[in-house]
Amino acid sequence: MTSTTMVTTLDLVTPTSEEQPGPAPESSDFSTVVLSPDGSELVTQSAPNTPIQHREQANAEFGQKEGSPDPKNMVAATGNASKPSLNSFYADGLGQLRNGLFSCFQPVFGYFGTKTTVEIEKSEDELWEIPFDAISELEWLGSGSQGAVFRGQLENRTVAVKKVNQLKETEIKHLRHLRHQNIIEFLGVCSKSPCYCIVMEYCSKGQLCTVLKSRNTITRELFAQWVKEIADGMHYLHQNKVIHRDLKSPNILISAEDSIKICDFGTSHMQKKMDSTMMSFCGTVSWMAPEMIKKQPCNEKVDVYSFGVVLWEMLTRETPYANIAQMAIIFGVGTNILSLPMPEEAPKGLVLLIKQCLSQKGRNRPSFSHIRQHWEIFKPELFEMTEEEWQLAWDSYREFAKCIQYPSTVTRDHGGPKSAFAMEEEIQRKRHEQLNHIKDIRNMYEMKLKRTNKMYDKLQGCFTELKLKESELAEWEKDLTEREQWHNQNSPKAVAAPRAQLRGYPNEGYDDMSSDEDVQPCRGSPYRCSNTSSSSGVQSSPFSRQSSSRSSAGQQTRRSEGANPPKILRNDAIRHSGSYWETLGGARGSPARDSGFSQDSGMWSAGAGSCTAINGGGQQVCYSQTLYRNGDGRWSDGRIASRRRVSTSVNKSTAVPGQPVFFTRDSPSRVPHGVISCSSPRSSSKLNRSSYPSRNAPHQLEDGCCCAHARAPRAKSIAVPMTSSSRARSPTPYDNDFENAESFVDPESPKNLKNLEKIVNLPESTSYDEALCNSDVTMNPIYTSPITTYSNPCHVELVDEENANDVDLTSSMDSRRSRSDDADVESSEEDEGNGNNILNTSMESEDLRYRIDTSQSTMMSSLERSLEIGATRSDGLSDNEMRVQAVKMSIKTHRRTGSNPQALIHQCIDEYTTSATDDSDDAGAVRI
C-alpha cells in the first residue's frame with residue numbers, strides 16, 4: 001500500500017530527445033523519478049529540503065526587480081540570456097554602498113533627532129525585563145514538564161505567566177522579535193529571584209488537545225483552517241531559522257477568535273548552519289522524530305514529523321501511543337516497528353500527507369512550504385463531504401483510534417486503564433508544583449514586606465529629624481530676634497568724627513615720630529651707625545653693638561621692651577648685605593648677634609681703642625668682638641688642655657725648650673677674624689673629611705672679604721708657648737694702650753716677630769690635670785685672660801698681631817677629639833710630614849691675622865653648669881656611650897637667649913647625629 005501510494009504521487013519525467021521533438025512536460029516541485037542517461041534504470045530523488053530564508057527573499061526581490069514574466073508572452077532565450085541585467089547590477093551596487101559606507105553615519109543620526117540602534121536596543125531591553133511585582137491577579141491554570149502556568153494582569157492586559165525552574169530558561173531573547181499571527185507573542189521575562197517566569201500572550205480557549213477532547217463538534221472549515229495555520233506558523237519559524245523541537249498539541253493554543261497560536265519554545269533551537277546538527281534528547285517521545293530518538297544528525301525536518309503526529313491527533317482526537325510506556329515508544333519508533341495506524345475511511349489526500357510527514361528518513365519528508373501547497377490541493381476533497389457526513393466520519397475516526405490494540409508487552413498496566421496509584425502520583429505531582437509556586441510567591445511577598453518596613457522606618461526617622469530641625473530653627477529665629485531687639489535698644493549711636501588735619505607737613509602720609517627709639521632703623525642708617533641720632537650725608541657704617549650708637553661711646557641704654565627688635569635671619573645675604581662685615585658671616589658670634597660692649601650685656605665699655613679705623617665720611621667704624629665660651633662667668637670657666645704629642649723635628653726647631661704650649665678656648669689661634677689667604681693644598685689622605693675639627697683640610701670661610709671680593713680659607717690653629725710674664729688677673733680693654741695698638745697695626749714690628757717665633761707644637765697630654773701641672777705656676781689654672789685685639793677688615797695687608805696683655809695663648813680646641821681620630825692621624829702620611837702636630841689643624845696659616853674678642857657673661861643656668869662639668873671631665877673615651885651621647889645632644893640642642901649669648905666659629909655648621917657607638921666627635925660633623 002505504501003509503495004503504491006508513493007508511485008502514484010510521483011511524476012515520471014523523461015529527458016526530451018532531439019529526434020522526438022515536442023513540448024517538454026512540466027516538472028513537479030515534489031519528489032521525482034527520472035531515467036538514467038542510458039535509459040536502463042530509474043533514479044529516485046527525494047523531496048528537496050526546505051528553502052532557506054535568504055534564498056526565498058532573494059527570489060522575491062529578483063522577481064520584483066525583473067517583474068514576473070507572462071507565460072503567454074515568453075520567448076525563446078537568446079545567447080545573451082545568461083548575461084546579468086545592468087539594472088540589477090547597479091541596484092546591487094547601490095545597496096552595498098548604502099549598507100557599507102553610509103552605515104558609518106548612523107551614530108551621527110542621534111544628534112539630529114534620529115534614534116540610533118543602541119538606543120533602540122536599550123529601550124527594548126528595558127521593556128523586555130518585566131518586574132514580577134507589575135503582574136497582578138495571578139491565577140493558576142495548569143502545570144507541565146517545564147513549570148506552572150498562571151493568568152495575570154499586566155497594564156490592563158490579560159497575560160499568561162509561565163513559571164520556569166531555572167534562570168537559563170528565561171533566555172529567549174532570540175524569540176522576542178518573532179511577530180506572526182500564528183505564533184504566540186512574548187511580552188517579556190522576569191529574571192529576578194525567586195520567581196523566574198516568561199510573560200506571553202494569553203489564549204483564553206486553552207490547548208488544542210483540550211479543545212479537541214472537550215468539543216464534540218468542529219466544523220470542517222475550522223479544521224482546515226487550523227491545519228493551514230499550524231503549517232503557516234511553522235513555516236515562519238523555519239524561515240527565521242528557529243526549530244521548535246517540541247511541537248505537539250499541548251503546545252498549540254487556541255485564542256478567543258479560534259486562531260492557532262504555537263507556543264512553548266523552551267526547547268527551541270536556533271539553526272546556525274544549513275548542515276544537519278546533533279540535537280539533544282528533548283521533547284515528548286510520542287511526538288519525537290526517530291533521528292532525534294537515535295541521536296542522529298537532524299535538521300528542521302524533525303518538526304515535520306511532529307506536525308504529522310499532530311495531524312493524526314486532530315483527525316482521531318486521541319493521544320498518540322496511548323497506554324504505551326515511554327521506553328517502548330522510544331524503542332518502537334526508533335526501530336520502525338511501532339507506527340500510527342490510519343483510518344480506512346479518512347480522506348486519501350490527508351492520509352497521504354500524514355504518512356509523508358511520518359517518514360523514517362528526514363529527506364523523504366516534505367517542507368512546510370510544500371505542505372501548504374499540498375493542503376490547498378487536498379482541501380477540496382475534504383469539502384466534498386457535507387457537514388453531517390463530516391461529523392459522522394470524524395466520530396468514526398475517534399472510535400477507530402480507541403480500538404487500536406498494541407502488544408501487551410509494551411503497554412502500561414498490561415493494556416488496562418491507568419491504575420489508581422498512577423493517577424494518585426500524577427495528582428500529587430501537580431499539587432506539589434502548586435504548593436511550590438505558592439511558597440515562592442509567599443517568600444517574594446515577605447521580602448517585599450521587609451523592604452516596605454525598612455522604608456517606613458527610614459521615613460519615620462526622616463520625619464523625626466525634620467521636626468527636630470524645625471524646632472531648632474524656630475528657637476534660633478526667636479533668639480536672633482531677641483538679640484536684635486536688645487542690640488537696638490542698648491547700643492549707643494556712633495557719630496563719625498571728621499578726620500584730623502595735620503598742618504605743617506608736606507606729606508600727609510608720614511607719621512609723627514616722638515623719638516629715635518620708636519623707629520625701626522634700617523641697616524646702615526645714621527640712627528644705627530653714627531655717634532648721634534642725626535642723619536649725615538656720609539656713607540653709613542655697619543651696625544654692631546660696639547658701634548657708637550649702641551656702645552659706651554654712643555647710647556648707653558637698650559631699646560625698651562615695647563619696641564620690636566629688628567629681625568636677623570640666618571641667611572647671610574639678608575643679614576650682612578650692604579655692610580663691611582662680609583668676612584664675618586651670619587654665624588653666631590657675629591657683631592649683629594654677640595657683641596659684648598653694650599652696657600647691660602656683661603661686657604666692659606669699649607674705649608677709644610675699639611674704634612681705630614675712620615671711614616671715608618669721617619665717622620669712626622667700630623668692629624665687633626667675639627664672645628668666647630671661656631669668658632669670665634661663662635658656663636665653661638676652666639680650660640681643657642688638649643692631648644699633646646711628641647714634637648717632631650719640624651716643630652722642635654721653632655719650639656722653646658722647657659716651655660709647654662697649650663691651647664685655651666679664648667686663644668686667638670682658635671678664632672682668627674682677620675682677612676687671610678691660604679695657599680695650602682687640600683690633603684688627599686683619608687682624614688680629608690668634613691668632621692669637626694678637621695686637622696688637614698684647609699676649610700674655607702663662608703664669609704667673603706668685602707675688599708677683595710674673594711673667599712678666604714680659614715686659618716689653622718697655632719700653638720703659642722706660655723711665658724712667665726703672663727698675668728694672673730683678667731685684663732680689661734683699658735689695659736690696651738696706644739703703643740700696643742700701634743704695634744698691632746705694624747706687622748713688621750720686632751715685638752710681633754718675636755711672638756711669632758715662639759710658635760711651637762703642643763705636647764701631648766693625656767688628661768686635664770696633667771695639662772694643668774705642665775702649665776706655668778704664675779698662670780691662673782682656672783682662667784686664662786682673653787686678649788683683645790682690633791683690626792680694620794678693609795686693611796688688606798697681612799699683619800701679625802701681638803699679644804697686647806703679654807699673656808701666653810693656649811687652646812683646648814682639640815681636647816674633645818677621640819683616640820680613634822688620633823690613631824687615624826698617626827697612620828696618615830701627611831701628619832708625619834707635619835711632625836705629628838695634633839694642633840696642626842685647619843687654623844694654621846702663615847698669613848694669619850688675629851682678632852680676639854673679650855666677653856663676660858652675667859647669667860649661668862644650672863643646666864649649663866651640669867653640661868660644663870660633663871664636658872670638662874670627659875675625655876671622649878667614656879665607657880658609658882649613652883651618657884656621652886646625651887651630653888653631646890644636650891649641648892647641641894640647648895638654646896641660647898639674648899642675655900646668654902654664645903660665640904661660634906664663623907662658619908656654617910650642619911650637625912647631625914650618627915650611631916651611638918661613635919666615641920669621637922665625628923658624630924657631629926661640620927660642613928663648610
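Placed from the backbone N, Cα and C atoms, the Cβ positions cover glycine too.
According to Swiss-Prot, the features are:
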| type | residues | note |
| --- | --- | --- |
| BINDING | Leu141, Gly142, Ser143, Gly144, Ser145, Gln146, Gly147, Ala148, Val149, Lys162 | ATP binding site |
| COMPBIAS | 53-69 | compositional bias 'Basic and acidic residues' |
| COMPBIAS | 509-519 | compositional bias 'Acidic residues' |
| COMPBIAS | 823-833 | compositional bias 'Acidic residues' |
| DOMAIN | 135-377 | domain 'Protein kinase' |
| REGION | 1-72 | region 'Disordered' |
| REGION | 483-575 | region 'Disordered' |
| REGION | 644-696 | region 'Disordered' |
| REGION | 802-845 | region 'Disordered' |
| MOTIF | 874-879 | motif 'SDGLSD hexapeptide' |
Count of other CB atoms lying within 10 Å of the CB belonging to Ser143 (ATP binding site):
20
Neighbour tally for Val149 (ATP binding site), based on other Cβ positions within 10 Å of its Cβ:
22
Densest Cβ neighbourhood among Leu141, Gly147 (binding-site residues), 10 Å radius:
Gly147
I'd like to know the mean pLDDT over the domain 'Protein kinase' (135-377).
85
